[in-house]
Ligand SMILES: Cc1ncc(COP(=O)(O)O)c(C=O)c1O
């Protein structure tokens, strides 16, 4: 790297709005599941850009799609449609319950579209009174004001003045609480089919089915936020496909683009009919550059060996974490599905997930947390066994350091 391209981490503190507190190192380039910083130091990536880089960094399939499209057409706006957007939409409808696609640029925007569609449907089909959105404590749906209000973490939604109204939060996995509360006033239930940011919390057996039944009973829509679980991460293209419970609306983003910003809301013909021209929109949504990359990513991820490989890799992760735990006894459980895994710290190590993340960084390993007590792993879906083993060796060194104090 030439000197004029180098920047110092302290420049972040001078020129950036301080919403984040990034690590001291500054990544320069990546390949597969390895990243190199400006100093040439190498890291193994168990974080995958927070469940985004599903094919790792600079996968040839993505680079080829990007460079090919970059020579043709980058952007149009929705005044015109384009071939990559239509091809990708067709593919997404073939791969899911959905008949229709609305493109956004992020998970929050896909969820925002889902919530607006649900409210629109309820008002047009049933009247003004049917406006309640039910969501779950510790759920996470993005940072727009509507989605952050629907997310079940007041720490993220407080402090910005009056919130969008008629949103109720109930405990996840508590079907009795939902049965008690839901009514014909309920417009939609929005949920993650496996909570990610809230601590990698899987649904208990029967929970998703019971939510679906209650929604049907009260004529409410079921919205699955698959922004983190989707696009192969749990071993099926969407997580709902393993549960057998179909939503009415689904939000997808993150791994959909493998690193290019794109999100989408998927829904049925009947619901989509409530979105007439001008009702909702986005300048960039369905941008040909993003859609061309996403199409290539989706085609790669849906190869049977890639999806089967997710389950194989889950086992390698679980084996590695179990071996570490046998030595250091710091995890109470490893939970999640596919390559959306969380190692929950036991009582003795409560609140120390961030310390492990920092120590791992010092050992050349990138991991995530999901709350103060869970170390989270969302690597590339095609990470190699050698990278997993080397990453586990680094994680073990990091944990040994934390345990030693
Ligand atoms: C389940 C879920 N929904 C929505 C979002 C928001 O996505 P974005 O940051 O792309 O807006 C996230 C991000 O972590 C997420 O995990």
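Using N, Cα and C of the backbone, Cβ positions are placed for all residues, glycine too.
Under the heading pyridoxal 5'-phosphate binding site, TrEMBL lists 107, 108, 140, 225, 226, 227, 228, 283. Counting only same-chain residues six or more apart in sequence, the Cβ atoms lying under 8 angstroms from the Cβ of residue 107 (pyridoxal 5'-phosphate binding site) belong to 141, 142, 225, 227, 228, 251, 252, 253, 254, 263.
The N(2)-acetyl-L-ornithine binding site feature in TrEMBL is assigned to 143, 282. Around residue 143 (N(2)-acetyl-L-ornithine binding site), the C-beta neighbours below 8 angstroms that are at least 6 residues distant in the chain are 108, 156. According to DSSP, residue 143 (N(2)-acetyl-L-ornithine binding site) is assigned to coil rather than to any helix or strand.
Residues annotated as N6-(pyridoxal phosphate)lysine in TrEMBL: 254. Around residue 254 (N6-(pyridoxal phosphate)lysine), a 10 Å sphere centred on its CB holds 29 further CB atoms from the protein chains shown.
Under the three-state DSSP scheme, residue 107 (pyridoxal 5'-phosphate binding site) falls in the helix class. Here the binding-site residues are 108, 227, and the one whose Cβ sees the fewest other Cβ atoms within 10 Å is 108. Across the residues annotated as binding pyridoxal 5'-phosphate (107, 108, 140, 225, 226, 227, 228, 283), the two Cα atoms farthest apart lie 25 Å from each other. Cβ neighbour count for residue 140 (pyridoxal 5'-phosphate binding site): 26 (other Cβ atoms within 10 Å of its Cβ, all protein chains included). Local packing around the binding-site residues 228, 282, 283 was summarised as the count of other Cβ atoms within 10 Å of each Cβ; on this measure the leading residue is 228.
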